[in-house]
Amino acid sequence: MIEESGNKRKTMAEKRQLFIEMRAQNFDVIRLSTYRTACKLRFVQKRCNLHLVDIWNMIEAFRDNGLNTLDHTTEISVSRLETVISSIYYQLNKRLPSTHQISVEQSISLLLNFMIAAYDSEGRGKLTVFSVKAMLATMCGGKMLDKLRYVFSQMSDSNGLMIFSKFDQFLKEVLKLPTAVFEGPSFGYTEHSVRTCFPQQRKIMLNMFLDTMMADPPPQCLVWLPLMHRLAHVENVFHPVECSYCRCESMMGFRYRCQQCHNYQLCQNCFWRGHAGGPHSNQHQMKEHSSWKSPAKKLSHAISKSLGCVPTREPPHPVFPEQPEKPLDLAHIVPPRPLTNMNDTMVSHMSSGVPTPTKRLQYSQDIPSHLADEHALIASYVARLQHCARVLDSPSRLDEEHRLIARYAARLAAEAGNVTRPPTDLSFNFDANKQQRQLIAELENKNREILQEIQRLRLEHEQASQPTPEKAQQNPTLLAELRLLRQRKDELEQRMSALQESRRELMVQLEELMKLLKEEEQKQAAQATGSPHTSPTHGGGRPMPMPVRSTSAGSTPTHCPQDSLSGVGGDVQEAFAQGTRRNLRNDLLVAADSITNTMSSLVKELHSAEEGAEEEEEKMQNGKDRG
């Protein structure tokens, strides 16, 4: 008992799953019932993966399950309905790539429970064939024109006239879909639904039916149907326009432009929910846009329209012939003919080995006439397929195809059963078959060798693209040179560091010496000031020279000694700027300049070593690539 109650709860949860997910989308906040109904049914269509199945795949599934041979009022059980739905989704997965496979079991469960909730509210466990066809043809993907053509073929007689009673039955079935998504008060079936579609009781042909259903606006009871198709077309349309209410920088889907407010545009979410701001009101007329045109395109279109260069608008659908196509009578097109041998065109050989013509050769002259008959049959079918892109689902057409296939199968079976060949023909055919088998074996061997070569080349390419330590050891000479270059580079860097340290120490010593010289000069100046024999030219002291910033590191002390002292303290530069009064200053200047020259040569040597190392690395890498 506990298990049974648990299974019942699980079954009820599965039945309510689709409706729970639909309520979670919060479609009820949409203000207009037409958009609300279309959004709900579009959600059901995508959730059940019906948008991946077009009307032609549905017709094929109906034929595979024998629904085209049943009367519209025939009732089928839920188990058979599940079989039909299973065949639809399993065939769909065969057509889809492996990366886009769907969950077949989940899709079957969702669609089956939705159809039972919509068409078997009384719980009888049976649905009519017409209900199944109407629902699946309406909810599947594909073009609306193809769907309406198929629906009309199910409601018309042999003369191509619509039967109003069947159209009324179609409205009853298709309007159960809005009722199933809780929109029955807006789009439920009434007795006057047929009159709203066709007010005048007259003969309705295919073109008139298509004109009415695809008109703008369509019949009131079916206004949600073309809107659902438009929703599918504009789901991924991008509009680089800012919404005037929510200030979203861009829009996806529909775009609505007010006809009264200047440059007032709303995204579909704001328009569906009735949002308005500023001078705009919900009572203003809005224009729906399903695409975006730049101002340049609008201007060019306006100019072309004013000049009369715009082509006339194409009709919403092609014009189809008023009279339906007459079924082909296969008894006259493929008349029965005497059963003949497949080898009647061969020449029989006598025991002497001399080829002698017999009645087989005479019969070979009649073959062109039979081939002409078959070619005429094929040409007629090709013409029909060119005129009608896809043969509609009708029992008479299926019976003709079955009769044609059965006749050809019987002919081939009889020809295969009544074959009588002379021994010479059998031996000749045996030799030919043997040669063919040998040729096939040779081709298979060549194919196998080619595949092995392709696999070998692929492995070599993978090994070449992924270098390993073993491969790196294949050229020890290059590795040794690279190792020496790196070692030399390290040594040069260490030497440069040591020279920089020595330069810093020398600069410190220079600073100390210059301080001593400056102090000595100050003492001498003080003594000269205090002595009465001091010359008056030395009484006022001397001005301090301004430091000079160096722009060259390689100048000699005889031309511009200040250029050699860039980077040292101001005291050093000041001392050397006063002239060459002492040998100590000259010695210091020469030492500083030699340090600078040594550093320059070291830097150049280091750069040349680095460039050489880079060239060697490139050579080694090129050698690896060629290897």
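All positions are counted from 1 along the displayed chain.
A Cβ is built for glycine as well, from the same backbone N, Cα and C atoms used for every other residue.
Summarising the annotation, Swiss-Prot assigns N-acetylmethionine to MET1. As annotated by Swiss-Prot, phosphothreonine applies to THR11, THR69, THR179, THR212, THR424, with the evidence given as similarity to another entry. Annotation source Swiss-Prot lists zinc finger at 238-294. Residues annotated as Zn(2+) 1 binding site in Swiss-Prot: CYS243, CYS246, CYS267, CYS270. Annotated Zn(2+) 2 binding site per Swiss-Prot: CYS258, CYS261, HIS280, HIS284, in sequence order, evidence recorded as sequence analysis. Look at Swiss-Prot and you will find SER394 tagged as phosphoserine. Residues annotated as region 'Syntrophin-binding region' in Swiss-Prot: 399-448. Among the features that Swiss-Prot reports, coiled coil is placed at 428-529, with the record citing sequence analysis. Here Swiss-Prot flags 520-565, 604-627 as region 'Disordered'. What Swiss-Prot lists as compositional bias 'Polar residues' is 549-565.
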Near-site residues: Zn(2+) 1, ref CYS243, CYS246, CYS267, CYS270, CB cutoff 8 A to centroid:
SER244, TYR245, ARG247, CYS248, MET251, LEU266, GLN268, ASN269, PHE271, HIS275
Under DSSP, is THR179 (phosphothreonine) helix, strand or coil?
helix
Rounded Cα separation (Å) that holds between THR69 (phosphothreonine) and CYS267 (Zn(2+) 1 binding site):
48
Far apart in sequence but close in space: which same-chain residues, 6 or more away, have a Cβ under 8 Å from CYS243 (Zn(2+) 1 binding site)?
MET251, GLN265, LEU266, CYS267, CYS270
When distances run from the Cα of HIS284 (Zn(2+) 2 binding site) to each of the recorded positions THR179, THR212, CYS246, the nearest one:
CYS246
Applying the rule Cβ within 8 Å of the centroid of the Cβ atoms of CYS258, CYS261, HIS280, HIS284, what extra residues of the same chain belong around the Zn(2+) 2 site?
GLN259, GLN260, TYR264, ALA276, PRO279, SER281, MET286
Here are the binding-site residues: CYS267, CYS270. Which has the lowest count of other Cβ atoms within 10 Å?
CYS270
For CYS246 (Zn(2+) 1 binding site), which residues of its chain lie six or more apart in sequence with Cβ-Cβ distance below 8 Å?
CYS267, ASN269, CYS270, HIS275
By DSSP, how many residues in the zinc finger (238-294) are helix, how many strand, and how many coil?
5 helix, 15 strand, 37 coil
Fewest other Cβ within 10 angstroms of its own Cβ, chosen from the binding-site residues CYS258, CYS261:
CYS261
Of the recorded positions THR212, CYS258, CYS261, HIS280, which one has its Cα closest to the Cα of THR179 (phosphothreonine)?
THR212
Which one is it: of the binding-site residues HIS280, HIS284, which Cβ has the fewest other Cβ atoms within 10 Å in this structure?
HIS284
Once the DSSP letters are reduced so that anything not helix or strand counts as coil, what is THR69 (phosphothreonine)?
helix
